[in-house]
Amino acid sequence: GISTSASIPDYRGPQGIWTLHKKAGNQANQNVSCAARAGLIDKIRAQPTRAHMVLASLNAAGVIRCVISQNIDGLHLRSGVPESSLCELHGNVFKERCSKCGAMYLRGFDVTEHSAYRRHATSRTCDKKSCRGQLADTIVYFGEKLCEFDLETAQEQAQQADLSLFIGSSLKVLQHYKYIWERSGGGKRHKQFVIVNLQPTPKDRVAELVLRGRCDDVLEQLLKELGVPLRRYDCTKDKVLHKASKEAKLAAAAAAAALPAAASPAALADAAASCSSAPNSADHAGGRVKRKVSDKGTAAEGSATLKKPCAQQQRGSRRTVK
């Protein structure tokens, strides 16, 4: 998974959440929050990985057009990928939506802490005086429908792409999304895709290229090859930490005024206070583009879609590199 180096477990890897539950002979506990089941309670302290920052860098450089993610940890947004270039198919634990007017709220804390399996209410209400609808988390559970807007966006981007890069995904779910693998208009033009994953996937046999490696290492090498500098993670521009800091200040002001403060995890203040603007990775500007890549690409949760394939991604050159 793209987030495993941030100490966030993947889902179907050897130590993944679903894998461990299957080994134990149990289904996921349906009475605890999505975040608790995923081991993400302290995710506010997690930072985007090198792989996240590579995708953010390629998006800023115009190489990747869209990042389509199945992850719910919010690290793509925190890495600097703008919401206009991001499609989070399974939701984001830092976002909640009004069930009445559809207004979206970004929070500085895990909104699923008071929700549970298929019970999405977060106990908060919409800020709009004319609405005051109940807020719900954005997480999509097994058997639930994807958000219509996110689904349409993913379909449009996937069908327009010439090359899709699938990063850290088992493809156990994505293999059933036909729009990812077939081009619109009958699929007359060949569609290329590359898989980067440590374990085999159901689509390895038909991929142009399969790379067995860690997401951070493979993507960082790709960035060097393209000659694109690696953007540094800047916590002062992290939207989630900014929200956390703001909420902590409001809570402190409310407490000082002897007013009941809004419920918010105490750890948020510590996370915001301990945040340093020091980068967690170095810039990389080496290497030249060996083959012209279009300025319009698309990326999905481990899937990046480029208009033109890299030098090793020629049609018919299907091979697995370990």
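Even glycines carry a Cβ here, placed using N, Cα and C.
Summarising the annotation, TrEMBL assigns domain 'Deacetylase sirtuin-type' to 1-229. If you look up TrEMBL, you'll see His90 marked as active site, proton acceptor. The Zn(2+) binding site annotation in TrEMBL covers Cys98, Cys101, Cys126, Cys131. TrEMBL lists 275-322 with the feature region 'Disordered'.
In this structure, the C-alpha atom of Cys98 (Zn(2+) binding site) lies 17 angstrom from that of the residue listed as 'active site, proton acceptor'. In the three-state DSSP reading, Cys98 (Zn(2+) binding site) counts as strand. Distance noted between the C-alpha atoms of Cys101 (Zn(2+) binding site) and His90 (active site, proton acceptor) is 20 Å. Taking the centre of the Cβ atoms of Cys98, Cys101, Cys126, Cys131 as the Zn(2+) site, the nearby residues of that chain (Cβ within 8 Å, site residues left out) are Ser99, Lys100, Gly102, Ala103, Thr125, Asp127, Lys128, Arg132, Gly133, Leu135. Cys98 (Zn(2+) binding site) has a Cβ environment of 20 other Cβ atoms inside 10 Å. Per-residue pLDDT, averaged across the domain 'Deacetylase sirtuin-type' (1-229), gives 81. Neighbour density around each Cβ, counted as other Cβ atoms within 10 Å, peaks among the binding-site residues Cys101, Cys126, Cys131 at Cys126. Within its own chain, His90 (active site, proton acceptor) has Ser69, Gln70, Asn71, Ile72, Ile139, Val140, Leu146 as residues 6 or more apart in sequence whose C-beta sits under 8 angstroms from its own.
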